[in-house]
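Peer 1: Okay, here's the structure, questions in a sec.
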Amino acid sequence: MGFPPRRCPGVRPSKAPLLLPFLLTALLVGSRGDGNAMDNVATERLAEESHRQDSANLLIFIMLLTLTILTIWLFKHRRFRFLHETGLAMIYGLLVGVILRFGIHVPQSMSDVTLSCAVNASPATLLVNVSGRFYEYTLKGEVSRSKGHQVQDDEMLRKVTFDPEVFFNILLPPIIFHAGYSLKRRHFFRNIGSILAYAFMGTVISCFVIGLIMYGFVSFMKVVGQLGGDFFFTDCLFFGAIVSATDPVTVLAIFNELKVDVDLYALLFGESVLNDAVAIVLSSSIVAYQPAGDNSHSFEAMALLKSFGIFLGVFSGSFALGVATGVMTALISFHFPLLETALFFLMSWSTFLLAEACGFTGVVAVLFCGITQAHYTFNNLSPESQDRTKQLFELLNFLAENFIFSYMGLTLFSFQSHVFNPLFIIGAFVAVFLGRAANIYPLSFLLNLGRKNKIGSNFQHVMMFAGLRGAMTFALSIRDTATYARQMMFSTTLLIVFFTVWICGGGTMPMLSFMSIPSAALDGSQRRNTKHESAWPFRIWYTFDHNYLKPLLTHSGPPLTATLPACCGPLARCLTSPQAYENEGQLHDDDSDFVMNDAGVGSMYADVTVSTDASGSRTVNPGRPSSGGGGPFDEGLDHELARAEHEVAIRGTRLVLPMDDPAEHPTTVTLPPPPSPPRSDPRRHRL
């Protein structure tokens, strides 16, 4: 028997027991919401701090470049030649690296750092469950136990360390493209045989000489217990390949300023341009060397032949891709300078990325793309676009190159995994010296057997001395630093670059004086008969290019209706543009960079020659048909082509500015002096 509940008058029954679950739920949700809000605020604060830190790091590099440019102006104003801008950028990078490494310390806060975690592997990405919320962490590298208390400082140094892919995909393409786009084709192709020998055979010889010498040093280091990890013969060959890439930017800048012998300049520049491409393909082939069996570092003939096939395939594929892209860009003719320049820039850069995406080498592709575009596409651009593209890539090359050299100095102190071994460093310097000698001297001896214009011993010594290492060597060495061997290679490569840029680059002027290297005098003292110096394959190629490819891809040269057989008349009229008919008989100024030895080609542009003598009067020489090779007209034409810097060609008329002997051409008609600049002005004038 129960008692009914009693109700007190004026008092309502309590509902607290019914509301308690809802209150608890609201409190839990509210606390979780507050926790999420606090986490979001903390995340936003960290993101803001990271953004400010990244901006400060980029500002450091901008200030480095600014300081380098200001110092370059001071050096040029004071005519200092003992240190090039690249060496100066490296010094500034070293100073900033010292300050960041030893002068700045981040306050240590180890409260949010977990020093132990039971994970059996080191995955690239790690998902961590924290109270039901998943966070993604990215692997940045191994931290030794002795540096556990320096996590904050190491994090700051990592901030100023760029991803190696930044060098290959952003900084390297403008440098390589500019080398091909600004190539002095006349002297380059005049020495094309020697340049190819130094670039291909010389680089391979240097690679194997350095690799064999370094393998001897590494074997000795194993015996004496100075080797802290694995280092195989393939690693030695890889090191030989990356340090065989020369970058004599310092020497070439001084050569250009002093106007040294043009053939010496062409040999050094051509070798440095092509051997970069050879070195990167050679290093990729060495990495691809995989013999069958468990021991991946043993010698096997089939694996060696496979690597050689990879070398040929990658190089030829990259070459074909670069040339094809360059020919495609020859269709650019919008007559809108901004659109032409933008499309030219994007297609040039995409050549590098397309080659890398297809498994080829972007360096080779973008190099030959630049050479092809300079030969064909440049003629189809408007004058404004021609100037813009030249200045754009010249600026990008200057900034990228100085940025890389500044970063080299900074990396000496910001890189976290340096391995400096004295025996390996000594062996590397000896091997680089002997490898360069084995490249230059034997090949020069063999080349001189077939050259009429011999490569003198003083030229050989300068080429030996000018084998500087630079951006390509650094980019190849920093691309992979995961193993002990690669880390030691990278650290040693930095020292080699520093030494060659500072010592060899700074000693260029004394070396030129000691070797009595002549300057390219403007008075014609170094004129050579280009007819005997140009190789016959190049003369055949030039005739084919001038008569068929140039008219097809550009608006210059003779129209196809004048060069193709009569049976191909309809096709020739279809493929010939109206501009080609307008430009018929006109020799473009860019074509004077080539060595034209074919009398039939030269006679097209020899209708009338107007010569200006020292007194200001002009003589007109009617063109004469060629009577075959070796005649007086051929000799005069070769002589004029050898001094293309003093000529400008206009429609059917050649204007020759003052030279040494005003009486070297027969006078037929004398005209009154024109209202032109002073007679002593040796510059070219475009009409």
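Quick reminder: no glycine exception, Cβ is built from N, Cα and C everywhere.
TrEMBL does not curate its annotations; it predicts them automatically.
Quantities reported herein were computed from a predicted structural model and do not represent experimental measurements.
For reference, TrEMBL lists these features for the protein:
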DOMAIN    68-512  domain 'Cation/H+ exchanger transmembrane'
REGION    612-637  region 'Disordered'
REGION    656-687  region 'Disordered'
SIGNAL    1-33  signal peptide
TRANSMEM  57-75  transmembrane segment
TRANSMEM  87-104  transmembrane segment
TRANSMEM  166-183  transmembrane segment
TRANSMEM  195-218  transmembrane segment
TRANSMEM  310-336  transmembrane segment
TRANSMEM  342-371  transmembrane segment
TRANSMEM  392-413  transmembrane segment
TRANSMEM  419-438  transmembrane segment
TRANSMEM  484-505  transmembrane segment
Peer 1: What residues in the same chain, six or more past the boundaries of the transmembrane segment (87-104), come closer than 8 Å to it by Cβ-Cβ distance?
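Peer 2: For the transmembrane segment (87-104), the far contacts come to 60, 64-65, 67-68, 71-72, 75, 156-157, 160, 250, 402-403, 405-414, 497-498, 501-502, 505-506.
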Peer 1: Restricting to CB pairs under 8 Å, which listed stretch, 166-183, 195-218, 484-505, is in contact most with the transmembrane segment (419-438)?
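Peer 2: When the Cβ pairs under 8 Å are tallied, 195-218 comes out ahead.
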Peer 1: Mind checking which residues reach the transmembrane segment (195-218)? Cβ under 8 Å, same chain, six or more beyond either end.
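Peer 2: Beyond its ends, the transmembrane segment (195-218) has Cβ neighbours at 188, 227, 231, 233, 236-241, 243-245, 266-267, 270-271, 273-275, 277-279, 282, 423-424, 426-428, 430-432, 434-436, 438-440, 442-443, 446-447.
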